[in-house]
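In what follows, a structure is listed as structure tokens, so that the remarks can point back to it.
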Amino acid sequence: IGTNSLDERCNQILRNMEASLTARDRVGIQDFVLLDAYTSESAFLDNLRKRFHENLIYTYIGTLLVSVNPYKELDIYSKKQMDTYMGVNFFELPPHIYALADNVFRTMQSEFNNHFILISGESGAGKTEASKKILQFYAVSCPSTKLLNNVRDRLLLSNPVLEAFGNAKTLKNDNSSRFGKYMDIQFDHQGGAVGGHILSYLLEKSRVVHQNHGERNFHIFYQLVEGGEEDLLRWLGLERNCQHYSYLVQGGCAKVSSINDKSDWRMVQKALSVIEFNESDIEHLFGIIASVLHLGNIKFVADVRGYASLNNNQEMHWVSKLLGIPAQVLQQGLTHRKIEAKAEEVFSPFSVDHAVYARDALAKAIYGRTFNWLVNKINESLANKDSSRKTVIGLLDIYGFEVFNVNSFEQFCINYCNEKLQQLFIQLTLKSEQEEYEMEGIEWEPVPYFNNKIICDLVEEKHRGIISLLDEECLRPGEATDLTLLEKMEETIGGHPHFVTHKLADQKTRKTLERGDFRLLHYAGEVTYCVVGFLDKNNDLLYRNGKEVMRQSKNAIIKHCFPSTEPDSKRRPETVVTQFKSSLVGLTEILMSKEPWYVRCIKPNEAKQPGRFDDVLVRHQVKYLGLMEHLRVRRAGFAYRRKYDIFLQRYKPLCPDTWPNWKGTAAEGVRCLIKHLGYKPDEYKMGRSKIFIRHPRTLFATEDAFQVCKHKLATRIQAKYKGYRVKGDYQKQRDAATKIENCWRGIMARKEREKRAWAVKVIKKFIKGFITRNQPACNDNSEYLAYVRQNYLTRLRENLPKTVLEKDSWLTPPPIMKEVGDMFLTPAVYSRKSLVLKAQTSSMFKGKKENYPFSVCRPFVDTRIGKRYSVPVVKYDRNGFRPRLRQLIFTQEAAYLVEEAKIKQRIDYISLKGVSVSNLSDNFLILHVTCDDIKQKGDLVLQCDYLFEALTKLSVIANKQNYIKVVQGSVRFDIQPGREGFVDFKSGQESMVYRAKNGHLMVVSVKIIKGSC
Ligand SMILES: Nc1ncnc2c1ncn2[C@@H]1O[C@H](COP(=O)(O)OP(=O)(O)O)[C@@H](O)[C@H]1O
Ligand SMILES: [Mg+2]
């Protein structure tokens, strides 16, 4: 949770509040609860008027929204406005219908329960507009996905379709809803709008065939005639002229400036396609609408017997074509009624009046049933098939209280409905409020309010109520008329304080009543009803024949609306008013199970004019809407109440004693909590199960504190968690370090142990060597002896005698080196001459020939026979390389190769070109001689055990040090002049001399390892 975004949000709220605190918004009080003179109707009205003139049409009474119709477009419904109101506390911004909608939505989300918004007010007060605004707000504010957008579009577009078919211009409102509408919007647990359902109530069907002066039929007829494409009209047999249709001209105002039928038509077309109406549905639908117009134009003439007849009627043929009913059948149906007499069926002809009546009944039935079909069809498209639990916000936009100059059955039903809704409002607010205080044991000053139950009873009470009397008159045999109904009412309820007729009235009142009138004193005012037509409209009789004719229709919608399974009217169907009464009972049940919210709409003037505030008209509405009582209850009571456990659960982080857990009862916890928060005694009351908070601001302060605290808590939890994570990491690292340390120590200890074991072995060996030092060299003493030798030699190097001849000054060698010691003492060996020779040998061979180092310790002998130097050699024949034992003798002038006493070859030193030896451990030498003479023998290939000694001697005698070459690999020699031979040298496992395949002499020598001698 970013504190930044919180700050930003706070700033935004502040900015918005500042913006809204412009001079304009300071006008008046935003919430009537804050009105000082809260009991004064004038003060109430003043505030409302002040705000109205500043275009501030919304004002609160607590959470109830009062809305005054501005009769002009205000720039307060933009997307920006919606964003501003989203997720903001109720009282933080100026009152708005969006604030209410948002609050309902958020309460639903947090409490996961169902709600409804009751929009009431008289006709033209702005109910339908308000419900549209709410729907639009949800469409924008709810989470959106592609799927949800689909549902959203359908929810939004169901409106223009229903309005086209169910709304009409009346004297009160150019777009008056002529049916009641209750719409459920279903939300999933994430707040996405996932579906909807519409219930419609009592469409004013009589409008199809009759309109009062200044009123119109349902919009759709005009839209079709004005906006329908040429082709369509031709196909429907219609002309583009409303004046042509008798069902459209009775009010004398087919064209109205505030209504654009053409553009509305396009809107409806678009909407129909979005809510899944296919081509054939649309075709059938407009076939029906056109049929109704044609029906209205059907004229009957009286034949000779006075019966209705209809000859070659064009309009009738169009109906026949469009509804797919054989003309013959239709004609019969329009001019005759079917009577069942015992087993027989008899067709009895209508009089002209009767025929007109039957025709109108048919038109109304067709339109009414088609409207129901339309609602069902829309519901199918809005239905959410997913069965997971949804929460619901219901929107009730029902026809408002209506008073015309002449009021009939329709107004009676509409006003009865409003009476019922007022009763519901009273039950849900005023009464329940007081009851709750009583139940919670909280002191309560009773607020007097007018309970309209008495009027509801007057209308709907069993046996005695107007509805019962009306039904009775409709159903009883004999000659019942509207006037007999009036008499019956006078008889039964004549004494009722809210009922008056011409006969019952006093002198003064009588003047305002006609003979056929009765007057009801509704909660919203007096309404005089003209009793004419009550019975008829309540019966809503469609002759059985009419239904049968419709059943033959090929039009799919008509077929659906007049199913053959419908029970025949042997038993009378329920009367209209009874159906309406039960549908209102159903509605009340739906509403009672939900949390209520209210929008009370007020009409500022009768002229539909902007900026005109008619005090008398508004005062009247304020009165009958019960706004003053509501305000008084609000002021006397407490703005908010919450069950202790819910309140504690939410706000317990605000007090250290209740956080994180409270041990005692919830009530005690709340007491402790509010003490900590510093609630003043008059700000709250503790009930039996709930806390009551008087002012919204107290709760909002608490809520704000909670929001801040929530972020702090979140930060703390975050910090704790981070600490926990870091600690975990640290422990891991520490464990790893310990492990590595242990391993390392182990390695070091093992190394130490090995070292010690080695040392023990070495010491042991040393001791053993010492013990066995005098025994012949063996494994046990070899190292010790080597050490002794080395030690002796090291010492010797430092203590060499000054002269060679100082025999006694040589260090006494250890016993194993006795031999060497003797050698030192032999002067011959260390004669100067001999050392000079050794030095020469060294310069010739050191580092060049492998086996040189082993020759160092072998003393040279001066002579091996007599005065000359002689040495035994093996000579290899030049041809075939056969070895032969010979003696090599060096004299002053020449070298001789001698066998026994026979000189085999003489080599003058002058003719000695050079001597080659290998660099390996063999003892071969090759004497290269110059041979000019072909008879002379070639080079000599010899092997000599005293190689170094012999060559050193030779080099000294012949003075030919530089002649001696140490070569690698191979030596070329002359077998005889012009013929060459080769000796190849290499190292091997075993020393060998042999003639190789290539004719070379191969000499393999074993590499002598240093120290093995
Ligand atoms: N909030 C509003 N802003 C502008 N005009 C409004 C508003 N509410 C109502 N009106 C005007 O008043 C007329 C009647 O309103 P409507 O909602 O149809 O009344 P009701 O449903 O209560 O009979 C609308 O057609 C519109 O012209
Ligand atoms: Mg309306």
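Residue numbers in this text run from 1 along the chain shown.
Backbone N, Cα and C define each Cβ position, glycine as well.
The stretch that TrEMBL tags with region 'Actin-binding', taken from the ranges 216-238, 446-468, 584-606, 952-974, is 584-606. Residue counts for the region 'Actin-binding' (584-606) under DSSP (helix as H, G, I; strand as E, B; rest coil) come to 9 helix, 8 strand, 6 coil. Sequence-distant neighbours of SER123 (ATP binding site) (same chain, 6+ residues apart, CB-CB distance under 8 A): THR170, LYS172, ASN173, SER176, TYR399, GLY400, PHE401, GLU402. Restricting the average to the region 'Actin-binding' (584-606) gives a pLDDT of 92.
A Cβ distance below 6 Å to any atom of ligand 2 is met by none of the binding-site residues GLY121, SER123, ALA125. Neighbours of GLY121 (ATP binding site), defined as other CB atoms within 10 A of its CB across all chains, total 24.
The Cβ of ALA125 (ATP binding site) lies under 8 Å from the Cβ of SER67, ASN69, GLY400, CYS601, ILE602, LYS603, GLN621, each of which sits 6+ residues away along the same chain.
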